[in-house]
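Q: There's a structure below that I have some questions on.
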Amino acid sequence: LFDGIYPFYPQQRKAAVFDISTVIVIVVILTLACSFLLIIPGIRGQARLYWTLRVLLSLFVGVVIVVVQFTGDWETGWVQANTSYKSFSHVQVNVDIGLHIGLSGVNVTLRGNPVNQINETINYNEHFPWNFGADYDRSYSEGLKKGLPSPILYVAEKFSTQSPCAVHRQYRIAGHYASAMLWVAFCTWIISNILFSMPVLVYGGYMLLVTGAFMIFSLLSFSTVRNSPMCLIRIGIRTLHIAYGGSFWLMLAIGLLCFMAGITIVAMHHLNLDLLKAFFDLREDKAEEYQEMPEVFVNPNFMNKGL
């Protein structure tokens, strides 16, 4: 206590909606997509549809690979409970408590039902990083000094290095290797686009398979955290359970999509190359492909002199 007042923020903090890195990536990709849409009317015929499908699908794969690096919903969980709001106080509040685990840290969300209770606005979203170069315990200690609500500190303490749960190290290493795999997948995605533009279609298909493989490897790396039992997170009489979130399932879907696209391109290269060239707008006209010798006009006077 400071002069009989609990050490909370002088002003209530708003819950975060988007990470600034995520916003930057989305804006860049949307700029590229809009630029392409401006030139798409210049492409004639059926090739316009093929170009639109290829470019937008490729941009979507690239933006997903980068954005999920900064999202916090690889694992998520929510629980509604009646719990104490402040330390050393028996006042109970009804709140929704959310846990959002990403590759670089954990977000703990606290939202009141209703938001305004006990003359305060209960709407918090606190981030505690564990990526390399960040100090999770220091962030947790700063939360203690700020006087964060008790439910947030209780959930965040489960992931500290001093916690008996002992999951901090495994989450940190799993997130680090999953992030590294995704950056490799992003590089192979760039290489596949370069190969498609050269054009070396079959090798571009192989690189799509490699891209999908590294996406799956990142999921396998992150899923290793399930090998160690997680401590129960009890809020009042309720238990907060976590499960794989949107980013995890989105990466699984995109990885399988890259596998399907890569297998299709490789199969079409060996089974129907003309159809594959038509999809990539590389098929030459038959008249040009099998061009015959044009008709020749001979000057008879010149031929007689020659004889």
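Just so you know, glycine gets a Cβ as well, placed from its N, Cα and C.
Residues or ranges marked as transmembrane segment in TrEMBL: 20-39, 51-71, 91-110, 177-196, 202-222, 242-267.
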Q: Could you give the residue numbers and ranges of same-chain residues that sit at least 6 residues beyond the transmembrane segment (91-110) on either side and whose C-beta is under 8 angstroms from one of its C-beta atoms?
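A: For the transmembrane segment (91-110), the nonlocal Cβ contacts are 15-16, 68-85, 117-118, 122-131, 134, 136, 149, 151-152, 155-156, 159, 171, 175-176, 178-179, 222, 233, 235, 240, 242, 245, 247.
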Q: So which residues does the transmembrane segment (177-196) touch in its own chain, when a touch means Cβ under 8 Å and the partner is 6 or more beyond its ends?
A: 54, 58, 61-62, 65-66, 68-69, 103-104, 131, 203-205, 207-208, 210-212, 214-215, 217-219, 221-222, 251, 280
